[in-house]
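Contents: one structure, followed by commentary.
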Amino acid sequence: MRCPKCNYNKSSVVDSRQAEDGNTIRRRRECEKCHTRFTTFERLEELPLLVVKKDGTREQFSRDKILNGVVQSAQKRPVSSTDIENLISRIEQKVRANYENEVSSTAIGNLVMEELAELDEITYVRFASVYKSFKDVDEIEALLQQITNRVRGKKKSSIDDETH
């Protein structure tokens with residue numbers, strides 16, 4: 001590894017540990033010539049994953065594209081950037097674990113909606129309203145009814161757990 005200060009190409013690893021995301025190794029290195037310490041990150045190189053859009057075109061999987069959609073949907077909501085980053089990481093892990101070369105944009109959208117439903121219902125509705133391209137109020141009302149039923153089901157099961 002080349003030293004960022006003197007450009008010497010030999011360094012020794014002083015410390016090595018797994019980074020917070022679990023997919024990266026963080027290494028502290030020391031230049032053998034000028035003794036400058038610097039940090040490097042080692043990450044598994046992943047094969048490119050293509051997203052097949054609804055019109056049949058293909059584009060490279062973009063974590064940032066998902067991030068932008070979720071951030072926009074979560075505006076003025078009590079959702080932290082850490083929550084969003086963790087959500088995006090879970091989605092990317094699921095996509096890479098379940099699809100080798102190609103994944104449909106519909107599958108990604110459904111994964112995002114599943115994750116958002118657990119994170120924040122308003123963010124979920126905002127994302128769904130754009131993703132699903134609702135044609136009328138009845139479709140939005142049906143989505144809200146699904147959420148209401150799911151929330152009631154969770155509350156009922158937690159009450160049942162407390163009484164037993």
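Backbone N, Cα and C define each Cβ position, glycine as well.
Feature annotations, courtesy of Swiss-Prot:
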ZN_FING   3-34  zinc finger
DOMAIN    49-139  domain 'ATP-cone'
DSSP-derived helix, strand and coil totals, residue by residue, for the zinc finger (3-34): 0 helix, 16 strand, 16 coil
Helix, strand and coil totals (DSSP H, G, I; E, B; other) for the domain 'ATP-cone' (49-139): 58 helix, 9 strand, 24 coil
